[in-house]
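Student: Sharing a structure below in structure tokens format, with a few things to ask.
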């Protein structure tokens, strides 16, 4: 009849009103949209237009919860719906006195746990994909915090002791003594043998410095990188016939790595970055939650560990800033263009297109120390 609600709509309004009253007593409701085909399970017409969106209401009773009424009307944008829901929640908290701090702490802890579970699953999927789709995956390990998370996952997935993933370790001859000792301990802990590589034609630092000078790493930074890092790295990958390189790079390491994805296709060997979407805080939350062993120098103020000659401690208050993990690396070192050194020369653009993009950024007047750099072998 014109001007009157049909019984189905009237019934729906009554139900919604009842649910609102229940919500005021401590129940929580959520509306879930779904799409119907126009027929009911019995085969009869549902009376709803094919492909139309309908809403089902789920009711959860919690007499101790802060009363909220997150019913969303159709026709509003997502931003408007979230704003309205947030305003309703704030109003309800004002009425009830608001949640206690301990309740918020519980929510924060639960949110972090959920995030870590997702990141862990994502990383393990990347590792599983790598093992199943490449013949010779290699993990280039430097024993920094993120690397220890990857080692823990590889061990848990039984990829280390079985040799399904080879571990490669580059000894620059300038590493901390604690790093060498910790690698030995890690090999024993996870039951694997790392593949060690160092400068070609030299057996130790004394031989290297006899040939190039004690301070050659200061006088010719590119030569040092080439001899002690870049050449052993690529020789190691070639020796191990690597067709996939697993590494611990992350987006929050700094601008150089800000757009990393889990997988990078490159000539020679693809790069797998299982921790790409972790933050440094996530890494340490995971280490603590899973009781993962970590480098002893972290307890002495080093957020990241590289060569002893140019790695310094950093105040803990700065560790979790953007790019904070690498603040203590390459201390006092600069590139030829005057920018702060942030890479050792191993991770640099591979294609002409990538090099062109880097050169455009590198030539910007706004570029400051710590920006993108190019290492030439």
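Every residue, even glycine, has its Cβ placed from backbone N, Cα and C.
Since we're looking at a predicted model, the values are computed, not measured.
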Student: Kindly point out the range from 19-45, 46-72, 73-99 that TrEMBL annotates with region 'Disordered'.
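Tutor: Range annotated as region 'Disordered' by TrEMBL: 73-99.
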Student: I'm checking region-level scores; what's the whole-number mean pLDDT for the domain 'Phosphoadenosine phosphosulphate reductase' (138-313)?
Tutor: 94
